[in-house]
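Features reported for this protein in TrEMBL:
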type	residues	note
BINDING	Ala40, Gly101, His155, Asp220	(6S)-NADPHX binding site
BINDING	Lys189, Lys190, Tyr191, His192, Thr193, Gly219	AMP binding site
DOMAIN	5-279	domain 'YjeF C-terminal'
Amino acid sequence: MEQIKQTILNKVIRPRPLHSYKGNYGRIITIGGNYNLGGAIIMSASACVYAGAGLVTCATDKHNLNALHTRLPEAMFVDYSDFSDLLENLTKADVIVLGPGLGLDKLAQNICQLVLSNLSLDQLIIIDGSAITLLAANPGLLTYLKKGQAIFTPHEMEWQRLSQIKIADQIPLKNKQAQLKLGQTVILKKYHTEIYHPECDTPHQLTIGGPYMATGGMGDTLTGVLAAFLGQFSSAPLTDVIDAAVYTHSAVASKLGVNNYVTLPSAIIAELPHFMNCTIKE
Ligand SMILES: NC(=O)C1=CN([C@@H]2O[C@H](COP(=O)(O)OP(=O)(O)OC[C@H]3O[C@@H](n4cnc5c(N)ncnc54)[C@H](O)[C@@H]3O)[C@@H](O)[C@H]2O)[C@@H](O)CC1
Ligand SMILES: Nc1ncnc2c1ncn2[C@@H]1O[C@H](COP(=O)(O)OP(=O)(O)O)[C@@H](O)[C@H]1O
Ligand SMILES: [Mg+2]
């Protein structure tokens, strides 16, 4: 297991060129948030904006529109049940987040089918939450993915569903075998999260973060940070960008955890711009 060190941040988070604009920092679409789980996709989109993505569109249930724009006026909105609008916005994205709060119903299944079957080769997709559960139940959808195009962000139960490895048996050797079969990056979220990159024989491991992060929405927030990093730091190696995003999410939490019993996703999101700025000043 190779430990992810703080120095990854300076390798990836760079000062912004003066002659740059929002179009240089990634066009992201976050897809999820049904009637009951709207907060999940609002946290994902918020983390994405606060971690520096240039343009963020949130495709969600139309009942979430007011809440989204009240919390995050920077985001654009698509009603995800309007498939022609969803497809048009999907095509424009560099990075897609699919799954936070999406749910498991027929509409969610149809959205997964639409998104996966319309991916272009140069797009990256982060597959999280409900979308992992849906793909585990319908593995035929995995064939739409080009090798290395997707980043799966399962917690241990989601990984059990996708890999068929029981939580008690999720040892690095078995996880690596399952990740190789999948052909995609796997971020196995837990205490000391493990990242299985297609290019690396040894998993990379976080040694920061802790149970102050055990709050609903924490993984949804990670998807937004990841998408923002993939969208704006595309000149750095993909493995470094992924490691830096995962490190940043937990580093902000551990900083807030010094003085707080729990570190809420919203507090982490608010701290992201300051944390990233401190990195380039070091
Ligand atoms: N505010 C919101 O709208 C929230 C929406 N959420 C969304 O709700 C959907 C369902 O996700 P859930 O993860 O809640 O439900 P899941 O049913 O996918 O997973 C929870 C089940 O897995 C078990 N489990 C075992 N190991 C676990 C681990 N390490 N971490 C978490 N669970 C573990 C739990 O005991 C439970 O039975 C996702 O789409 C998710 O994005 C959640 O993120 C919670 C907050
Ligand atoms: N005890 C813990 N130690 C370190 N990180 C934790 C701990 N508990 C939860 N986390 C982190 O919180 C996040 C939980 O993700 P997930 O279960 O998908 O949350 P949600 O779906 O509610 O947003 C992951 O990034 C995980 O690493
Ligand atoms: Mg989750």
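Note that the numbers count up from 1, one per residue, in the order the chain is shown.
Just so it is clear, glycine is given a Cβ too, placed from its N, Cα and C backbone atoms.
Computed from a predicted structure; not experimentally measured.
Structural mapping of features recorded in TrEMBL.
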{"residue": "Ala40", "record": "(6S)-NADPHX binding site", "DSSP (3 states)": "helix"}
{"residue": "Gly101", "record": "(6S)-NADPHX binding site", "DSSP (3 states)": "coil"}
{"residue": "His155", "record": "(6S)-NADPHX binding site", "DSSP (3 states)": "strand"}
{"residue": "Lys189", "record": "AMP binding site", "DSSP (3 states)": "strand"}
{"residue": "Gly219", "record": "AMP binding site", "DSSP (3 states)": "helix"}
Filter the candidate list Ala40, Gly101, Lys189, Lys190, His192, Gly219 of binding-site residues, keeping only entries whose CB is under 6 Å from an atom of ligand 3.
Gly219
Among Gly101, Gly219, the one of these binding-site residues whose Cβ has the fewest neighbouring Cβ atoms within 10 Å
Gly219
With the Cβ under 6 Å from ligand 1 as the test, give me the qualifying entries from the binding-site residues Lys189, Tyr191, His192, Thr193.
none
If you measure from the CA of Ala40 ((6S)-NADPHX binding site) out to 10 Å, which binding-site residues from the list Lys189, Lys190, Tyr191, Thr193, Gly219 are inside that radius?
Gly219
Suppose we screen the binding-site residues Gly101, Tyr191, Thr193, Gly219 by Cβ distance to ligand 2 with a cut-off under 6 Å; which survive, in sequence order?
Tyr191, Thr193, Gly219
Name the one residue among Gly101, His155, Asp220 whose Cα is closest in three-dimensional space to that of Lys190 (AMP binding site); these are the binding-site residues.
His155
Top of the binding-site residues His155, Lys189, Lys190 by count of other CB atoms within 10 A is Lys189
Within 10 Å of His155 ((6S)-NADPHX binding site) (Cα-Cα), which of the binding-site residues Lys189, His192, Thr193, Gly219?
Lys189, Thr193, Gly219
Averaged over the domain 'YjeF C-terminal' (5-279), the pLDDT of the predicted model comes to 98
Within 8 Å of the Cβ centre of Lys189, Lys190, Tyr191, His192, Thr193, Gly219, which other residues of the chain have their Cβ, at the recorded AMP site?
His155, Leu188, Glu194, Leu206, Gly209
